[in-house]
Amino acid sequence: MNPTNKITVYRKLEGQSVGFYILLVVLAIMVAMGLLAAWTMEHEGHWISGMNNQVVWGMPHIFAIFLILAASGVLNVASVSTVFGQEVYKPLGRLSGLLAITLLVGGLMVLVLDLGRPDRLIIAMTHYNFKSIFAWNIVLYNGFMAVVFIYLWFMMEKRMQPYYPIAGRIAFIWRLILTTGTGSIFGFLLAREPYGTAVMAPMFIAMSLMFGKAMFLLILMSSYRGSQRMLNHAVVMRLKNLLAMFIITALYFLTVYFITFAYFTEQHGVVRFFLLDGGHYTTLFWLGQIGLGAALPLFILYHPRLGEQFSMIAVASVSVVIGGMIQLYVLIIGGQAYPLDMFPEMEILASSFHDGVVANYAPSHWEFMLGLAGLAMSLLMTVLAMRIFDVLPECVTEEVPAL
Amino acid sequence: MSESKPIQPPRRDFLKQVAAVAGLTLAPGVFLQTVSAAVNASQRWGLLIDSNKCGDCQACVTACHTENGITDHNRPETDAQWIRKVDLRHKTTGRVHSLPMMCQHCEHPPCVDVCPTGASFKRQDGIVLVDKHICIGCRYCMMACPYKARSFVHEVITDQKAHAPRGKGTVESCTLCVHRVDTGRLPSCVEACAATGRGAMLFGDMNDPNSELAQRLRTEYSTTIRADLRLNPGVRYQGI
């Protein structure tokens, strides 16, 4: 037994305050609005959304993929303790495992409710084309939930303690495969130029670590603040340093991604589109993805004074979340809007199906309602689980061992 | 084996009723089975499109959409298009020409690879279709198709044709008029193109050495769109 485990006392949320109930009601309303949006889109048809025959995946997919990536990345806190032996994170393992499940459920809810036929979910569970990366992902998502559930159970159940490092290792490997699967949804698409590169898989893993860490910090800090508990400064400093490292890692893979396109002359168009003349996609790339998603948080996190303040670390985390969403928007929506190159030597003069031009896409409020409902569902489940189970440590006050 | 007891009349009647209901239920399936029995792997239905002969008319598009009940909601970005005309100009030579684009009925269709439920499938005779009963509307096939040949049904469908079932929330594309081909007729686009006198579209069995299509493919140069992907489409072009 390690020294940190000895003095960790877990306590449920009190759940008596007005603020707690207001939070539940607000989240429940957001979920209900998402269900209304899904029902309306299903009833009227998807034409009421901003998605069309050119940009087939829209805002709901941005939210869904963000949550699915964050779910995988958020488990990193537990993995660092179980797999890499950093005992200081052990008290936070339960929250990490819980968030891995709740964020995934929220993401999958959005993905399923956006289907043209969400009523046919059972078909997706019973008819498998094993060459489809989507089909692999269905297995990987369900398996991840099961593995993390067992990991959590072993973590929380004294009798199962001896086995939980094994469960932790399986969960760690599973999450790497899971995110490889998510990245490969795009990485194995030959048709569209901005996709179809194997670097998508490690890039998505880096993004998942970044999103997951930002979400973890935000939920950790807000739940400790909300329940008036002591949050150890050194632990937060370690987490924010990890967040900064993951931002840099994600930037590295993004650079590799663009260098690949920049190297091959026939693919210069992709680099130009995203970095120079892609209209609002270029603007979003520089201001949103790079500015909000990387530059601002890195500045805050590495600033000698700002980087010490919880409130500024929260600002940096929010910035990563918004910048991350924008990153997915640029990649997923921009990647679809970029015209398919069917006739490399020809200029397309006219086409009724928008060939050869950057496709239009303007997300509708229905899409935002559905996407936000996924986030709300994740948070609602998290808050309720914190109320019912011993997830959050009373406080983390022990000496922090040196790294 | 134990000796079977005689069935009591009421139970026999009940079984008869069950058999009758089952027969009625299964009949359409049996009918479909007889049609698909005509499909065989020795055939490969295909098209040869000569863009030199293709003019600026929309006869193929109109015929296809009329035949298959593809209606317009005056929303070009979400309206389904099974076939479209594309006007092109060569960047170097300046030559302007036009051609119809539709599902290219690939030998190795990416839409079939990515479909999670197997709703996208290729018949033995090379026609790529969507099984509307198991399509969940995920649109992954639309992401994967290099020809942007597929449409998602964004609206409620009202007056659909019995031979071309469609459904809100599912994906669809050119069926090569499979309902006509299975009864020995030409796809409607080919028929309409011939009626204009242009004859830019030739339909046939690429595997039958005696077919006009196979003979022309053997003696004349033709190519495919995105040949670099090596999907071996069933639709081949001349003049591009």
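Using N, Cα and C of the backbone, Cβ positions are placed for all residues, glycine too.
Annotation source TrEMBL lists transmembrane segment at A:20-41 (among others). Same-chain residues lying 6 or more positions outside the transmembrane segment (A:20-41) and placing a CB less than 8 Å from one of its CB atoms are 13-14, 48-49, 109-110, 113-114, 118, 226, 365-367, 369-377, 379-380, 383-384, 387.
Per TrEMBL, the feature transmembrane segment maps to A:61-83 (among others).
Taken from TrEMBL, the feature transmembrane segment covers A:95-113 (among others). Long-range contacts of the transmembrane segment (A:95-113) within the same chain: residues 34-35, 38, 60-61, 63-68, 70-72, 74-79, 89, 121, 141, 144-145, 148-149, 151-152, 155, 171, 175, 212, 215-216, 219-220, 223, 370-371, 373-379, 381-382, 385-386, 389, 391-392, each at least 6 residues beyond the stretch ends and with a Cβ under 8 Å from a Cβ of the stretch.
The feature transmembrane segment is assigned by TrEMBL to A:133-154 (among others).
TrEMBL lists A:166-191 (among others) with the feature transmembrane segment.
Annotation comment: TrEMBL describes A:197-221 (among others) as transmembrane segment. Within the chain, the transmembrane segment (A:197-221) has long-range Cβ neighbours (under 8 A, six or more residues past its boundaries) at 66, 69-77, 92, 95-96, 99, 103, 175-176, 179-180, 182-184, 186-187, 231, 236, 239-240, 242-243, 246-247, 249-250, 252-254, 256-257, 260, 297, 310, 313-314, 316-318, 320-321, 324, 327, 379, 382.
For the transmembrane segment (A:242-264), the list of distant contacts is 73, 76, 80, 194, 197, 199-200, 202-203, 206-207, 209-210, 213-214, 217, 270-271, 274-275, 293-294, 297-298, 301-302, 316-317, 320: same-chain residues at least six beyond its ends, Cβ to Cβ under 8 Å. Feature annotation from TrEMBL assigns transmembrane segment to A:242-264 (among others).
Residues 214, 240-241, 243-244, 247-248, 250-251, 274-275, 278, 312-313, 315-317, 319-320, 322-324, 326-327, 329-330, 334 of the same chain sit 6 or more residues outside the transmembrane segment (A:284-302) yet have a Cβ under 8 Å from a Cβ within it. Summarising the annotation, TrEMBL assigns transmembrane segment to A:284-302 (among others).
Look at TrEMBL and you will find A:314-338 (among others) tagged as transmembrane segment. Beyond its flanks by at least six residues, the transmembrane segment (A:314-338) meets 54-58, 61-63, 65-66, 186, 192-195, 207, 210-211, 213-215, 217-218, 221-222, 240, 243, 247, 269-270, 273-274, 278, 281, 284-285, 288-294, 296-297, 300-301, 358-361 of its own chain at Cβ-Cβ distances under 8 Å.
If one looks beyond the transmembrane segment (A:368-389) by at least 6 residues along the same chain, the residues whose Cβ comes under 8 Å of a Cβ in the stretch are 12-13, 15, 20, 23-24, 26-28, 30-38, 41, 59-60, 62-64, 67, 94, 98-99, 101-103, 105-107, 109-110, 113-114, 156, 219, 223. According to TrEMBL, the transmembrane segment annotation covers A:368-389 (among others).
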For the transmembrane segment (A:61-83), distant same-chain residues with Cβ under 8 A (at least six beyond the ends): 89-90, 92-97, 99-104, 106-108, 110-111, 114, 141, 144, 148, 151, 155, 164-165, 168-169, 171-172, 175, 178-179, 182, 204-205, 207-216, 239, 242, 246, 321, 324-325, 328-329, 332-333, 370-372, 374-375, 378
